[in-house]
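Reviewing the structure listed below.
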Amino acid sequence: MSTSDDIHNTTATGKCPFHQGGHDQSAGAGTTTRDWWPNQLRVDLLNQHSNRSNPLGEDFDYRKEFSKLDYYGLKKDLKALLTESQPWWPADWGSYAGLFIRMAWHGAGTYRSIDGRGGAGRGQQRFAPLNSWPDNVSLDKARRLLWPIKQKYGQKISWADLFILAGNVALENSGFRTFGFGAGREDVWEPDLDVNWGDEKAWLTHRHPEALAKAPLGATEMGLIYVNPEGPDHSGEPLSAAAAIRATFGNMGMNDEETVALIAGGHTLGKTHGAGPTSNVGPDPEAAPIEEQGLGWASTYGSGVGADAITSGLEVVWTQTPTQWSNYFFENLFKYEWVQTRSPAGAIQFEAVDAPEIIPDPFDPSKKRKPTMLVTDLTLRFDPEFEKISRRFLNDPQAFNEAFARAWFKLTHRDMGPKSRYIGPEVPKEDLIWQDPLPQPIYNPTEQDIIDLKFAIADSGLSVSERVSVAWASASTFRGGDKRGGANGARLALMPQRDWDVNAAAVRALPVLEKIQKESGKASLADIIVLAGVVGVEKAASAAGLSIHVPFAPGRVDARQDQTDIEMFELLEPIADGFRNYRARLDVSTTESLLIDKAQQLTLTAPEMTALVGGMRVLGANFDGSKNGVFTDRVGVLSNDFFVNLLDMRYEWKATDESKELFEGRDRETGEVKYTASRADLVFGSNSVLRAVAEVYASSDAHEKFVKDFVAAWVKVMNLDRFDLL
């Protein structure tokens, strides 16, 4: 019978022909636009984490809620939880300390300093892919163990903060003195889509360490936090793992001493789990059946838990006191000779061949075993540089304790931005260089001061383009991932930013603004730089016939060179900045994709990005003063000419060469070249989503709306790092 006959018969009997089974008829099912066009521009990344996904609503104030928290009562409850072993996931040696430390470590350890993404700041371990990574097996149990405490304290503590605090309490309850704890991590309610975890299509695909330097990746294998504990590509060779360890920890901003301290400290407590073959382990949480209720990796080996637990497949206990802090990791590492062996699951590990059975069994007090180590643990003994540090820690346990305390604090707070974002009673007083410290404000300009400064800037001889360019160069370094960069601190005037090619034109305005600062005697250069942008935008709007007030919040300060880690700030240098029509390299993605990347780092929406690009072009703010994308004969006037002329069908566009990076817009009738453009310009006419926004701003009634939207987005960027205004 034909399909039409089916429809006719079901209609005749009163049945809907589309409810008869067969195809998935649910929303979102079927072939998607990305299936048809896998290289489609990811404009959707700019719509992440909107209030529509937030069950707490846009008026929820986490800092305010946290202030109501019984902080030490929470820590007391966490301490009690550590030794309340649950039959559905029994605690090793009656303590969950090792499990909670691993949970915190693996939450924070996804951070990459190269792009500032990843890390523990949003509680992403709750969501895919991290909740189901091969390296995170059994951490679903750790998070579920925490649920009664999260339920008790509700919104006064975020999941993101709770994960890290649980790790801290686990260390403290094991006899270790931590460096401190800063809260302030706000939860999000869906997976981060912007993080590039790699392009591999299979878990645990090996990456060469050298490749990590060319991409924002933090691990040597897809699905690992750092390195393969069995050595590169399961080689079983401790020495060959050194390069991989340095690459991955280096991508987090850790030096050799911090790396050694973190590995040894993290492996002083707890154990790995490999009671039997990993083939007994079921699907991860994302793939597990609905009745598992978000848990995964159910094991059919024995009881599947406790002594029968399988996590990594490795079965390693490092120290004689796996629930109490000690220096046994280094003592065992150097005291014994190690022979390669395999775990019950078949994973490569090492055993101390000449050691007595001194390691307690986690569930049977009558049993002992020999010390065991991971392949990558032995790297700390056999790599010459790591060995020097390890022997120093062996002979000076206090130095090790201090190094681990600081490295752990850095690991767990690296993506939180400046210390001003930290809240809670245990925030350390010491300023640390990786926090990008700033001096305390000395003076806050009055309204009259601001008026006087604006007059001085207006009379300085700087053009609208120069004023806008210097302000943008200062503020646009901000990264929403780790909250680094921004205008506060005026680091545009310091190394390394003043020497970046992208800032060459912008820094030429600095002497003029520095003179104004000196003459004012009070205002910070950081405030004056941003105020220059205010004056430029207001003048450009006035030239367009609109009287616009650009909001300005004073209170920025000027950082010193000794407060600026040059190596770490080099990572903020843009590969591309489509807002300024800048691109340094052509071997990394497409120009339009890098524009989206930059906009996402600046936490912009698609309309905000569109308004800013259109405004920057007509204000003549290209990094090199080029005319690319300057679709106007009124440069310096805040008009919507960029959109009007981009969408004008009088012009056709042709690439100037085979690279298709630059284009000429020719009059269709005369063939005359009217405009030139980059891909960062033409994307607003090419991409269907961005064109829809551009059409709004190109409309005859949209000029005032465009100016207001540009100003709002501009002020947002200028204030991205003003955490003192929260």
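Using the three backbone atoms N, Cα and C, a Cβ is placed for every residue, glycine included.
Quick look at what Swiss-Prot annotates:
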type: REGION; residues: 1-33; note: region 'Disordered'
type: SITE; residues: Arg102; note: site 'Transition state stabilizer'
type: ACT_SITE; residues: His106; note: active site, proton acceptor
type: BINDING; residues: His267; note: heme b binding site
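The residue listed as 'heme b binding site' sits 13 Å from His106 (active site, proton acceptor), taking the CA atoms of both as reference points. Within the same chain, residues at least six positions away from the residue listed as 'active site, proton acceptor' with a Cβ under 8 Å of its Cβ are Gln125, Leu130, Asp135, Asn136, Leu139, Ile225.
Counting only residues at least six positions away in the same chain, the Cβ atoms of Leu139, Ala142, Gly266, Gly270 sit under 8 Å from the Cβ of Arg102 (site 'Transition state stabilizer').
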